[in-house]
Amino acid sequence: MKRKVKKMAAMATSIIMAIMIILHSIPVLAGRIIYDNETGTHGGYDYELWKDYGNTIMELNDGGTFSCQWSNIGNALFRKGRKFNSDKTYQELGDIVVEYGCDYNPNGNSYLCVYGWTRNPLVEYYIVESWGSWRPPGATPKGTITVDGGTYEIYETTRVNQPSIDGTATFQQYWSVRTSKRTSGTISVTEHFKQWERMGMRMGKMYEVALTVEGYQSSGYANVYKNEIRIGANPTPAPSQSPIRRDAFSIIEAEEYNSTNSSTLQVIGTPNNGRGIGYIENGNTVTYSNIDFGSGATGFSATVATEVNTSIQIRSDSPTGTLLGTLYVSSTGSWNTYQTVSTNISKITGVHDIVLVFSGPVNVDNFIFSRSSPVPAPGDNTRDAYSIIQAEDYDSSYGPNLQIFSLPGGGSAIGYIENGYSTTYNNVNFANGLSSITARVATQISTSIQVRAGGATGTLLGTIYVPSTNSWDSYQNVTANLSNITGVHDITLVFSGPVNVDYFVFTPANVNSGPTSPVGGTRSAFSNIQAEDYDSSYGPNLQIFSLPGGGSAIGYIENGYSTTYKNIDFGDGATSVTARVATQNATTIQVRLGSPSGTLLGTIYVGSTGSFDTYRDVSATISNTAGVKDIVLVFSGPVNVDWFVFSKSGT
C-alpha cells in the first residue's frame, strides 16, 4: 500500500506540475473581460472588440493596455486608443505619437498595428509593425518612407461595398508596412499621415487612432503591456491676433490667416509635407492683416488645387473693400494636384489688410504679390550662367510632389519629379553667349530634361538626355549642346520623367578658339583621352561606369549614339587612332570632325573581345588631321570604351 500511495503522490505531483506549465503558457486574464462585440471607455482610453464570428476574449487592463485571444474567427479586431468627433484634421489635433510594447503570438494571418478611420474622405488606415504568416496588403507599393528609424512600404487599396464606420461603403485603405517586424517602440503617427498626403493620399477628419491587434482566419494571443498615446503636441497654431507686418513680395502661407467667416474651412496637408487651407465654400472669406506693398504691386499668384472651375476675389481692407482683381482658377484635375495661377491687380501701395473672397471649393497652399516692375533689369539681381546653379534655388516650380531634400554628403537637391514638372530660374545672365549645359543628376531610369528660355513653353534651347545612373543616390554629370543665347533670360527645366537634380551650370561660347589656333584648355591628341571625359553626348542610355582595376569607361551604347570631345590639338598632324575597347559583338566606331554628321576621318572596326569586361586595343587609319579640332565618336552598336589616342603622321 505504501508503494502505491507513493506512486499516486508522484503522479499527482507530475500532473500538478504539468498543469502549472500549461497555465504558465496561457495569458492569465485578470482585468475586465469581454467576449463579444463591444465598444466603450476604460482607463481613459476608448476600446473596441469587433468580430464577424468565432471565439474571442479581450481583457481590458490599466490605461491603454489590454490582452486578447482568438480562434476559429473570420475577422476580429482588438483595440484601445482615442476616438474623435470627426470634426478636426490631424493637423488641428497636433502630433500623434504612440509608444507601445506587445507580447505578440499569432498563428496564421494577423497584424499588430496602429489603426483608425477618417471621414470626408472615408479612409481606413493601418501602420503595420508586425504580422503573422502573411505580410499585408498584397499589393504593389507606391514607394517607401523612413520614420522612427525604420523603413515602411506605402500602399493604397480600395474596398468596395465593405463594412465601415458608416455602414457598408466603398472607401480607400492606406497602409504603411514595416519592411522588418518589431513589437515595441515609438510610432510617430503624424509623420505617416504627412508622407501619405505627399503621395496624394488625402486624409480626412479624424475619427480614431488606436493600437490594434487584428486576426483574419487565424488564432493566437497577444499581451499589449504598453500603449501610451500622446495627442496634441505642436498643433496647428490658431490665427494670430496681433499680426506683424508681412512682406507682400514673399510667399504668404494660406493657413497663416488672421480671421475667417467660415465654419467649414480647415487647415489641410499639402504635398512636400506642407499645409494649406481647404473645405472652402461659396462666400467664405479669409483675411491676412498688415501686408506691406511698399511702392506698389500689380500682380497676384496663388498655388491652388481644385476639381472644379472657381474664382477668388482679392480685396483690400474688408470683404466688401476695394476689388483689386479676380483670380480665375480652372480645375487642376484633383484636390491634390497644385498649380500656380496668376492675375493682374489694380496697383496697391503701403500697408493693407487683404481679404480673399471665394466663390466655391478650392485648396490654397500659398500666395504672393508681384511688384509694379515684374521683370527686374539685368544687374545685381542676375545669376551668372557660368557658375553652378543649385537646382533647389528655383524661383518657381510646377509639380505637386516635387521636393527639396538633403544629400548624404551635404547640400540639397530636388526630386520626386514626374513627367511635365518644371522649375524656373529667373534672370540668368549669359553675357556674350553659351554653348552647352552640364547637370549633375541621379535616376534609375532613362529620361530627358528640356532647357527652355522664357517659360515651360518658351524657346527650346536643347535637351539633356539622362541615362540611368543605376540608383537615386548615384550622381553623374551629363552634358548637352544648346542653341546660343546672350544677355539675361529666365530659364526653365522641363522634365519628362523621374530624376534627382543636384545642380547645373552652363558653358560659355568659346569665341576665341579656332581650328588652327590652340588656346588654353586644349587637349593633346597624342595623350590618352579618357572616353568618359566627353564634352557632350547623345544617347539616353549611355553611362559612365567604374572599371574593376580602377578608372572609368563609357558603355550601354547603342546604334547612333555619339560622344564629342572639344579642342583636341593635333599639332602638325595625325594619321591613326587607337582605342581601348570591350564588346561581345563586332561593331564599328566612326571618327568624325565637328559633329556626328561632320567629315568622316576614319572608321575603327572592332571585333568581339569575348566579353564586355575583356579590353583590347584596336587601331585604324584616319585622314591626316592637323590643328585644333572637335572630334566626335559615332557608334554603330554596343561597345565599352576606356580611352583613345591618336598617332602622329609618319609614326
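Yeah, the Cβs are placed from backbone N, Cα and C, and that goes for glycine too.
Keep in mind it's a predicted model, so treat the numbers as computed, not measured.
Annotated in Swiss-Prot:
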- 1-30: signal peptide (SIGNAL)
- 33-227: domain 'GH11' (DOMAIN)
- Glu214: active site, proton donor (ACT_SITE)
- 250-370: domain 'CBM6 1' (DOMAIN)
- Thr270, Tyr279, Asn336, Asn363: D-xylotriose 1 binding site (BINDING)
- 278-616: region '3 X 61 AA approximate repeats' (REGION)
- Tyr279, Asn336, Asn363: D-xylobiose binding site (BINDING)
- 387-507: domain 'CBM6 2' (DOMAIN)
- 527-647: domain 'CBM6 3' (DOMAIN)
- Gln530, Glu532, Ser552, Asp642: Ca(2+) 2 binding site (BINDING)
- Tyr556, Asp613, Asn640: D-xylotriose 2 binding site (BINDING)
Gln530 (Ca(2+) 2 binding site) versus Asp613 (D-xylotriose 2 binding site) - Cα distance in angstrom: 17
Per-residue Cβ crowding (10 Å cut-off), top of binding-site residues Thr270, Asn336: Thr270
Residue counts (helix, strand, coil, in that order) that DSSP gives for the domain 'CBM6 1' (250-370): 0 helix, 71 strand, 50 coil
Three-state secondary structure, Ser552 (Ca(2+) 2 binding site) (per DSSP): strand
Long-range Cβ environment of Asn363 (D-xylotriose 1 binding site), under 8 Å and at least 6 residues apart: Ile268, Thr270, Gly276, Ile277, Gly278, Ile280, Val304, Ala305, Thr306, Trp335, Tyr338
Cα within 10 Å of Asp642 (Ca(2+) 2 binding site) - qualifying recorded positions among Glu214, Tyr279, Asn336, Tyr556: none
Largest CA-to-CA spread of D-xylotriose 1 binders Thr270, Tyr279, Asn336, Asn363, angstrom: 13
Cα-Cα distance linking Asn640 (D-xylotriose 2 binding site) and Ser552 (Ca(2+) 2 binding site), given in Å to the nearest integer: 10
Spatial neighbours of Tyr556 (D-xylotriose 2 binding site) that are distant in sequence (at least 6 apart) but have CB under 8 A: Pro467, Ser468, Asn541, Leu542, Gln543, Pro638
Shell list (D-xylotriose 2; ref centroid = CB of Tyr556, Asp613, Asn640; cutoff 8 A): Phe545, Ala553, Gly555, Ala582, Thr583, Phe612, Pro638, Val639
Site extent for D-xylobiose, whole Å (max Cα pair distance, Tyr279, Asn336, Asn363): 13
